[in-house]
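Student: Below are the structure tokens for one structure; questions will follow.
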Amino acid sequence: SLSAGLDLPGKFLFAILTLMTLIANLVFIEEAVYIYRKIPSSKRSVIIWINAAAPVIATTSCIGMWIPRSTMFTDFTAAVFFAIVIHKFLLLMIKECGGQKLLLRRFENDHFKISTGPCCCCCLCLPRVRITRRTLFWLKLGTFQFAFLRPVLMFLSIVLWTNGNYSPYSLSPKGAAIWISCFVGVLTIIALWPVGIMFQQVRTILISKKIVPKFALYQFILILNHLQAAIISIFAMRRIIPCAPPLSSSARGTYITQQLLIMEMFLITVISRMVYRRRYDDLEPPECTAEEAGDNKQAP
């Protein structure tokens, strides 16, 4: 355990970060109780899953900070959990529109804009795709594949690691880490694309349900948990982050990542409570909206 060799400021920092993790979990538990009591059952589990992302990442980072040898397991656990959250966020947008049937009725004559990030944001010439049950299936499959394959790759990585064939900090083409990381990167981009497509379609009608700040929080967790960690890891491997005995450069990079994630996920947990803590009223069905619009035109 690293905590045995800490000086007084180090112990104080560990105590503060552990307290922040504890508070984040308490805030989430209180929010989960509120959601369970106030939110309709059709949306309850999806919203709880999404709200759990930040406290789970904070908890795994805190465990990795106190027990450095568990870092690989805690990082993989956080990555797998967030892979499931990506799929859940797509389902949330569908459920906020009243479910798949109402979404199809509302956009029956509309088309998805597929020239969006992270895959095709520069390909403006791509044709629009009609919104049907089949296209919704493909969007859901795009996020589900990541939620399914990420745990499989995690299991494979741990098996190779126990056999000495996997090192997270190895960039050698002969090692398994670089190939598994590239494959995970491709699967991640494929999973994020359907979420972006759906968000572009529903963000105007779900503006009253605060879908924009919800999507922003989801994006922040993604960037901080993946991109930030990758950048710090590259800095550590390039020795830009110097070693500080007893910590090597790579271990110190992991140590910095965990501390930053605890503070960031604490803030996101508190902000998520404010964004999600509201009563949810279903959108009016498309037919009712059309009839009311017709009545308003005839009234004068």
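From the backbone N, Cα and C atoms, a Cβ is placed for every residue, glycine too.
Note that the structure is a prediction, hence the values are computed from the model and not measured.
According to TrEMBL, the transmembrane segment annotation covers 12-34, 46-67, 73-94, 137-161, 176-195, 215-236, 256-276.
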Student: Does the transmembrane segment (256-276) come close to the transmembrane segment (12-34), meaning at least 3 CB pairs under 8 Å for residues 6 or more apart?
Tutor: yes
Student: Which of 73-94, 176-195, 256-276 has the most Cβ pairs closer than 8 Å to the transmembrane segment (215-236)?
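Tutor: The stretch with the most close Cβ contacts to the transmembrane segment (215-236) is 256-276.
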